[in-house]
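Visitor: Quick paste of what TrEMBL says about this protein:
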TRANSMEM  31-50  transmembrane segment
DOMAIN    50-426  domain 'Cation/H+ exchanger transmembrane'
TRANSMEM  62-78  transmembrane segment
TRANSMEM  98-115  transmembrane segment
TRANSMEM  127-149  transmembrane segment
TRANSMEM  161-183  transmembrane segment
TRANSMEM  195-219  transmembrane segment
TRANSMEM  225-245  transmembrane segment
TRANSMEM  266-299  transmembrane segment
TRANSMEM  344-369  transmembrane segment
TRANSMEM  376-396  transmembrane segment
TRANSMEM  408-430  transmembrane segment
DOMAIN    485-625  domain 'Cation/H(+) antiporter central'
DOMAIN    630-780  domain 'Cation/H(+) antiporter C-terminal'
Amino acid sequence: MVSNATAGLTCPSPMKPTSNGIFQGDDPLQFSLPLAILQICLVVVVTRGLAFILKPLRQPRVIAEIIGGILLGPSALGRSKSYMQAIFPPKSLPVLDTLANLGLLFFLFLAGLELDPKSLRQTGKRALGIALAGISLPFALGIGSSYVLKETISKGVNGTAFLVFMGVALSITAFPVLARILAELKLLTTDVGRMAMSAAAVNDVAAWILLALAIALSGTGKSSLVPLWVFLSGCVFVVCAILIVPPIFKWIAQRCHEGEPVKETYICATLAAVLAAGFVTDAIGIHAMFGAFVIGVLIPKDGPFADSLVEKVEDLVSGLFLPLYFVSSGLKTNIATIQGLQSWGLLVLVIFTACFGKIFGTLLVTLLCKTPLREALTLGFLMNTKGLVELIVLNIGKDRKVLNDQTFAIMVLMALFTTFITTPIVMAIYKPEKRKRMADYKNRTIERKNPNTQLRILICYHSARNIPSIINLLEASRGSEKREGLSVYALHLMELSERSSAIIMVHKARKNGLPFWNKSQQSDANHVVVAFEAFRQLSHVSIRSMKAISSMPGMHDDICNTAESNRAALIILPFHKHQRVDGSLETTRSDFRLVNRKVLEHARCSVGILVDRGLGGTTQVAASNVSYFIMVPFFGGCDDREALAYGVRMAEHPGIRLTVIRFIVEPESMGEIVRVNIEAASSKLRSSDEEFLAEFKQNMAKDDSIKYEEKLVRNAADTIAVLSELRRCNLFLVGRRPECEAALDLGRSDDCSELGPVGVLLTSPDFSTTASVLIVQQYKSGASPNLTLQMEDESPDKDSESN
């Protein structure tokens, strides 16, 4: 029988690994290594290009990877036989599939690291009910739809395995994809987001169990007892792993200390254990990925060991090897097999069944739990998200001959459609801007009628580099004991990426909706928390550490919303440049600059940008040792008044001396200075400035630490000369939008226009100073803050935020 079946077939000769080069007549595409390199490069370029194109639609990267795989396969480019023979010849597919499955194995190890068994035990009854409803109803409907498919396009398949595979495929919720969608839509820390995350985690574990059952049932053994042996052997493996693995890795984790690199021996031993577990589960007859996933789940999540594993593995696996799995899947997907009214009707049936089962099942339970209809409907669509696990189920079904080409293509399109519609529908149903705003509050600026009321500051940072200067600045901001005190919110800004470590961060969201510090974070995070806690105890300042995890385009929303919810009067942002050893300023990341500019535009309180040149040195200065000289150049306008109000508060500290220089343009030289036609508002502006300065002079008469001077200047050169005399101060406090002609020509730079003319001058390489600079913009209700700020990139939700 075998010889008759294969008599007319010619097996392709195996490919050699490397060529001798084109100069010796070898075609590199006929050798496995150069061809695999070309395939990987092509896949990365296509998938990353599609991800960039779909980014404005807020689609997760898995959508781009699925579409990229389909485009590279027989559904699009693969229609060209010459392309397929050159890039994806049949004899290269074993190498491609091996690399893809190796990447999948390590990726699912990372997925196991993302899943914390302790959090599953703490899942509430409502989330558990939602998860069970979101699994059981779609599973039942999947079995029902499988009967229709069996009678039409899937005749002759293994009936029992086909039923289970269809049920599992329709009941899956992609936990990593869901987490990124929630974070992208700013729903991660809402009630809906927390419920979706909890239910999806339970759903994820249940899906793996059902998939193991489906694989066991899909075996080709003659005996009906084989699936039972496979399943029982898998259970024995899990039990043995639970008994053996945690103690070993707990011993390793205890020998990995914060701030010290993890030994290479431990990393290599862990990766070898992952491969060994994959070998065992593959030998059992389940799949190698199950062993890797189980090892990842059982590794302790506390301490730096788990973080170090993720850091070592994720970029190579997620960036290069995992996209190959999507191409491997795309090469099996031929949309052209969906032909005729019947096939397209079955596609619609499968999509409707998948959506109805997930959405209706989730909606029913959430409404019984007295959840509002909008939130219940949103939760239903979120639980309908598919992703990589869905493709794994379908590919295993295809490899085991449970799904034929047409059924496989229908199921892949179903997964693509259900995930693609999640983001736009959730945005339409449960828009973040529709969430209830906090009640309005009065003190949105430092300048206020009663300066003794509590000052609330939201201070942001990207890394531990600026922490000493930040704490020294907060020490200077305490004010006197007669005031109600200082309340500080320290917000660590972290970018949400497609990396597995981002999902680990996503897990750590507090029940009150604000991210929190956890001892399993990296060592610099621990040092920051210790520094803030020490400052809180020594200074008696209320300080709370938080973390914002979001994508760069939406990071300004998190900053503004956090300031709003905590009733902050001032947001302090780090400048996008840091000081080098030679004293010059070097760009950290240009993305941070855009975040600062958007905060200046959208914030509903005052905003400051701190250009850090080492205020107080590289360490925290004790309160008794503080000795700062602070300089406030006053040109006029609301921002200068805000800067001066902040300086007055700082001057109450016994170790701080404050000098205020008011710049006045000589009347006879007005013609030499560039004029701005603000005559209509100038009288009112001067009146506000004069009233503020009159009160300031009256109060400073009792304070020897404050010095006030007035300087007559004719042009920008005179102003620069005056400022240069005071460049030896420790801190410049300046307004971003000075309302004086003498300041407009001080510094003009499109690169740093968010600093204003005075800030540009003080941070330019031509102005020699070691002083830090804090540029302040005062919040004005109902007025646009962007008199000099021209946004290069408009935010899509600009109109809603600026109201």
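Note: Cβ is positioned from N, Cα and C throughout, glycine not excepted.
The model shown is predicted, which means the values in this text are computed figures rather than measured ones.
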Visitor: Same chain, outside the transmembrane segment (98-115) by at least 6, Cβ under 8 Å from its Cβ: which residues?
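Guide: Sequence-remote neighbours of the transmembrane segment (98-115) are 36, 40, 175-176, 201, 204-205, 271, 274-275, 278, 288-289, 292-299, 301, 306, 309-310, 313-314, 317-318, 320-322, 324-325, 327-328, 388, 392, 500, 503-504, 507.
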Visitor: Let me spell it out: take the transmembrane segment (31-50), skip the flanking residues so only those 6+ beyond its ends count, and list any with a Cβ under 8 Å from a Cβ in it.
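Guide: For the transmembrane segment (31-50), the list is 15-19, 61, 64-65, 67-69, 71-72, 87-89, 92, 95-96, 99, 319-320, 323-324, 326-327.
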Visitor: Can we call the transmembrane segment (376-396) and the transmembrane segment (195-219) in contact, meaning three or more C-beta pairs below 8 angstroms at a sequence separation of 6+?
Guide: yes
Visitor: Counting only residues 6 or more past its boundaries, what in the same chain has a CB within less than 8 Å of a CB in the transmembrane segment (225-245)?
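Guide: Residues 212-213, 215-217, 219, 273, 277, 280-281, 284-286, 290-291, 294-295, 298-299.
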Visitor: Hey, which of 127-149, 344-369, 408-430 has the most Cβ-Cβ pairs under 8 Å against the transmembrane segment (195-219)?
Guide: 127-149
Visitor: Which of 266-299, 344-369, 408-430 has the most Cβ pairs closer than 8 Å to the transmembrane segment (127-149)?
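Guide: The stretch with the most close Cβ contacts to the transmembrane segment (127-149) is 344-369.
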Visitor: With CB pairs under 8 Å as the measure, which of the listed stretches 62-78, 161-183, 266-299 comes out on top against the transmembrane segment (344-369)?
Guide: 161-183
Visitor: Looking only at the recorded stretches 62-78, 266-299, 408-430, which one has the largest tally of CB-CB distances under 8 Å to the transmembrane segment (161-183)?
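Guide: The listed stretch sharing the most Cβ pairs with the transmembrane segment (161-183) is 408-430.
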Visitor: The transmembrane segment (408-430): which same-chain residues, six or more beyond its ends, come within Cβ distance under 8 Å?
Guide: 57-60, 62-63, 66-67, 70, 75, 169, 174, 177, 181, 184-185, 187, 192, 329, 332-335, 337-338, 343, 346-347, 350-351, 354-355, 374-375, 377-378, 381-382, 384-387, 390-391, 394, 397-398
Visitor: Six or more residues out from either end of the transmembrane segment (62-78), which same-chain residues have a Cβ under 8 Å from its Cβ atoms?
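Guide: Same-chain contacts beyond the ends: 42-43, 46-48, 50-51, 53-54, 84, 88, 174, 177, 322-323, 326-336, 387-388, 391, 409, 412, 415-416, 419-420.
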Visitor: Can you work out the mean pLDDT of the predicted model over the domain 'Cation/H(+) antiporter central' (485-625)?
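Guide: Over the domain 'Cation/H(+) antiporter central' (485-625), the predicted model scores a mean pLDDT of 74.
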